[in-house]
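Under the heading active site, nucleophile, TrEMBL lists Cys66. The active site feature in TrEMBL is assigned to His129. What TrEMBL records for Asp26, Asp27, Cys66, Asp276, Asn277 is Ca(2+) binding site. The 3-oxoalanine (Cys) annotation in TrEMBL covers Cys66. The signal peptide annotation in TrEMBL covers 1-17.
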Amino acid sequence: PLCLCCALGPAAASAAATNILLLLMDDMGWGDLGAFGEPSKETPNLDQMAAEGMLFLDFYTANPLCSPSRAALLTGRLPVRNGFYTTNGHARNAYTPQDIVGGIPDSELLLPELLKKAGYTNKIIGKWHLGHRPQFHPLRHGFDEWFGSPNCHFGPYDNRERPNIPVYRDWEMVGRYYEDFKIDLKTGEANLTQLYLQEALDFISKQQASQQPFFLYWAIDATHAPVYASKQFLGTSQRGLYGDAVREIDDSVGKILKHLQQLGISENTFVFFTSDNGAALISAPKQGGSNGPFLCGKQTTFEGGMREPAIAWWPGHIPAGRVSHQLGSVMDLFSTSLSLAGLQPPSDRQIDGIDLLPVILQGKLIDRPIFYYRGNELMAVRAGLYKAHYWTWSNSLEEHSKGIDFCPGQSVAGVTTHTQEEHTCLPLLFHLGRDPGEKYPLSFASEEYQQAVEHISGLVQQHKATLVPGQPQLNVCDQAVMNWSPPGCEKLGKCLKAPESDPQKCSWPH
């Protein structure tokens, strides 16, 4: 990992007790905010946050799917290192449905565990998604408090054969989605975002009163299908129900930032807003967001699947109205948060995240690549404005023939393929400055191509030389864990029968 030794001035001197607030959205796209060009301009609070802070235009997740990207954020490590991947089929995404056996390994050091060393109180609000079994509970991995669920708000299910997904307060299960926490799939009405907002406001107030530094991980899931919003926001957006959900999130973020200001702790609280992966175009247009000018969406390693909206806000420290072209990653939130707390990253393991404070406070640009993985396959690499694809694939022809489309209306011949196409000898190369939509591969014969690919090939060799894959956590599911079988699971037996999977091992079928 890149090491930085630089004076950060007075802002860093007082950083030891800086509160940290990470706002992680679920399936929100790069093009969903007015600050990123969304035409209806329905996100005034997030746009104001960007105007008062720093907008990151080139910020990435570590995987185009929920569980692996969250594991990467909290460990600072690529999913292929921390175990959040499957080896059941080549370049297959996987996550943790209700009956997955794996989860975050004890060997991984999570951000809240490390922040405890600096006296932080840590809370997660919303979706955990790093394993369901007791050993994977967030309070076993550094969090002091939790209000939310181990999974998304899927359902409703038959409560005898398939229990609805549980909601927890700390160690206690306090109910289930659709039963105790209502979601009306016909109207989209649910009060969950308001509950998550109030949890955040109460926690911040409590920590301010106790003079304890805090880490709040606000991981709400309102923009994940089935999309929901509370009654006061339903029908208020030009963008339909999805827009209603975005408007409620925007309103909630505005209230959280205002609360920090009213308590007089905004200058001592670093806030970062982003999403876990690109908008789910499989749910569009009614239940999915916008990835702006980028190709495809969630599940893919094209730009639409992995480039995220991102805003840093820290009044009195970040100069207002800044726009950064730094190549950033959710894994950088791990290293940056440790830096804010005056802590060093663990030295006994490879950390993929970098400390963004020199970028945020001084406007520096740090030269670093972005690695795009699906499963344990390196699909693409970005360096500077160039992106080289070593494999291209949207999804299987079998899935596509059933109407599952990760790139609706965006077919690019030879790029958005339904078979896995290998380009390791002659990578497909795009210049993302001239061609953000990845529509026009550069000519193999051009000098520009040869120079860029030679540089990126060196980065790939260097990366692979240090790569020690973790034990895959997402290979096996067991219905006995939750006493039900999700769609795609055999009624009896111990694994998901998914396309291209080993019949003895299996992962969620995407």
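Glycine too: its Cβ is placed from the backbone N, Cα and C atoms.
Cα separation, His129 (active site) to the residue listed as 'active site, nucleophile', rounded: 8 Å. The distance from the Cα of Asp276 (Ca(2+) binding site) to the Cα of the residue listed as 'active site, nucleophile' comes to 6 Å. Listed binding-site residues: Asp26, Asp27, Asp276. The one with the lowest count of other Cβ atoms within 10 Å of its Cβ is Asp26. In sequence order, Met25, Met28, Leu65, Ser69, Asp221, His224, Ser275, Ala280, Lys298 are the same-chain residues whose CB sits within 8 A of the CB centroid of Asp26, Asp27, Cys66, Asp276, Asn277, the residues recorded for Ca(2+) being left out.
Long-range C-beta contacts of Cys66 (active site, nucleophile), restricted to its own chain and to partners at least six residues apart, with a cutoff below 8 Å, comprise Asp26, Asp27, Tyr95, Lys127, His129, Cys152, His224, Asp276, Asn277. A sphere of 10 angstroms centred on the C-beta of His129 (active site) encloses 29 other C-beta atoms.
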